Ligand code: DGL
């Protein structure tokens, strides 16, 4: 029986999930959080679903061993590849996955054209196809894989000329096609929101799902009477890459430096 004071495990292929971690901490400040950046295996977007499932089994096992009362897959690519597998393995453990915000975008668009920026793995998945079937019948959805963005963000680059050029090349065709709503379908991309906003007309909406994931975690914990009463312990960070590399980008992406431990590969 998990206790209310037990931590919540949050993972991503790298630093992208920090954009979700921030939303969780904002909404649920009493929760103690564990964060695993699988940066030794990033990008997931170009890996096979089988490879990602193996990584997620390993990370879920780690959180379980740490006594986590719930796990958040703060990664769209990991969710499409592995959430069903983890739900089978841990049927009684609250698991929160995430998917591109197609439903709210379809409701919000006025031009009837929506653009999705995401990884190749997410856009090619059956789960994403099912999402479009379910929610995007009345709108045109244009998908744009964005190889290269994740690596830049992992290195703490949110604004270099090379990054601008790369992002511009991905966004231009979506605007030319009449998109008035852009979905950030990868948790790394919210870190590019200021840059992206500077490239698109002011009436183009940019949406992501970090806040919705935090609310879903809140619902799942509340339903099991597992919401923490606080105070939260310090967030613990692990990475499967060199700890110093996460340490270097934490002040930029998380707002402060924190102790980072090596994740047992
Ligand atoms: N942050 C991840 C996502 O939400 C994937 C990035 C990657 O490793 O390719 O899809």
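Keep in mind that glycine also has a Cβ here, set from the backbone N, Cα and C atoms.
According to TrEMBL, the protein has these features:
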ACT_SITE  75  active site, proton donor/acceptor
ACT_SITE  186  active site, proton donor/acceptor
BINDING   12, 13, 44, 45, 76, 77, 187, 188  substrate binding site
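Mapped onto this structure are the features recorded in TrEMBL.
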{"residue": "12", "record": "substrate binding site", "CB count, 10 Å": "29"}
{"residue": "13", "record": "substrate binding site", "CB count, 10 Å": "32"}
{"residue": "44", "record": "substrate binding site", "CB count, 10 Å": "30"}
{"residue": "45", "record": "substrate binding site", "CB count, 10 Å": "26"}
{"residue": "75", "record": "active site, proton donor/acceptor", "CB count, 10 Å": "32"}
{"residue": "76", "record": "substrate binding site", "CB count, 10 Å": "33"}
{"residue": "77", "record": "substrate binding site", "CB count, 10 Å": "31"}
{"residue": "186", "record": "active site, proton donor/acceptor", "CB count, 10 Å": "33"}
{"residue": "187", "record": "substrate binding site", "CB count, 10 Å": "31"}
{"residue": "188", "record": "substrate binding site", "CB count, 10 Å": "30"}
Beyond 12, 13, 44, 45, 76, 77, 187, 188, what residues of that chain have CB atoms within 8 A of the centre of the substrate site's CB atoms?
14, 16, 17, 42, 43, 75, 78, 119, 122, 150, 186
Here the Cα-Cα span from residue 45 (substrate binding site) to residue 186 (active site, proton donor/acceptor), rounded to a whole number of angstrom, reaches 9
Through the lens of DSSP with three states only, how would you label residue 12 (substrate binding site)?
strand
Using Cα coordinates, what distance in whole Å links residue 187 (substrate binding site) and residue 75 (active site, proton donor/acceptor)?
6
Please give me the recorded positions out of 44, 75, 76, 77 that lie within 10 Å of residue 186 (active site, proton donor/acceptor), comparing Cα atoms only.
75, 76, 77
